[in-house]
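Peer 1: Handing you this structure, nothing more for now.
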């Protein structure tokens, strides 16, 4: 039982930094996750992000990460019961990739708001921190756009809060690596998906256009709340 508990906790912590959202537990005690509902319609972000992209992104891509992550957790539980250490190690990649995909996208949906509501620059404590750490809001946007455009292959660009020095930073992660893989003290405030599935149907191969436009639907209220809660 100790081996099972330790392996499960290590896998979840490694993949998600403790941020998994449980939905249901199996008879063996495996905690799974569920696809989160969106607080807006698929077409609410148009013309910045098309309804077709949002539907495919949420219903197909994110849903697949959820299915595969839950499957990997169930497999992990089974091999831990058997005491198969090599199988536990082999499952870490699937847990990290699919768990990271679920965690990253769950943040991404919260970071977005309908075109009629989003895009206002952050105010309050987060706005002040951005001015202090980057010089201005415009400088932050320029930095994140540059980092996102330069990221080779697929991945994410993040506005992160480092809890230890209480400073903001811009970070990138490859593939579906969650931000916690860059440092245990980093908290994601805002993430932009730069996988092609997030923009290709609309923007083709011009990733910079997608990055320039997505700021029009950013939910800075959410990012500000996370920032203040972490520092409270």
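Note that Cβ sites are derived from N, Cα and C of the backbone, with glycine treated the same way.
Swiss-Prot lists these features:
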TRANSIT   1-29  transit peptide
BINDING   57, 105, 193, 197  Mn(2+) binding site
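Describe the structural context of these features.
Peer 2: Residue 105 (Mn(2+) binding site) counts 25 other C-beta atoms within 10 Å of its own C-beta, drawing on all protein chains shown.
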Peer 1: Using the structure shown, find which entry in 57, 197 (the binding-site residues) has the sparsest Cβ neighbourhood within 10 Å.
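Peer 2: With the binding-site residues 57, 197, fewest surrounding Cβ atoms within 10 Å: 197.
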Peer 1: Under a three-state reading of DSSP, tell me whether residue 197 (Mn(2+) binding site) is helix, strand or coil.
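Peer 2: Once the DSSP labels are grouped into three classes, residue 197 (Mn(2+) binding site) ends up as helix.
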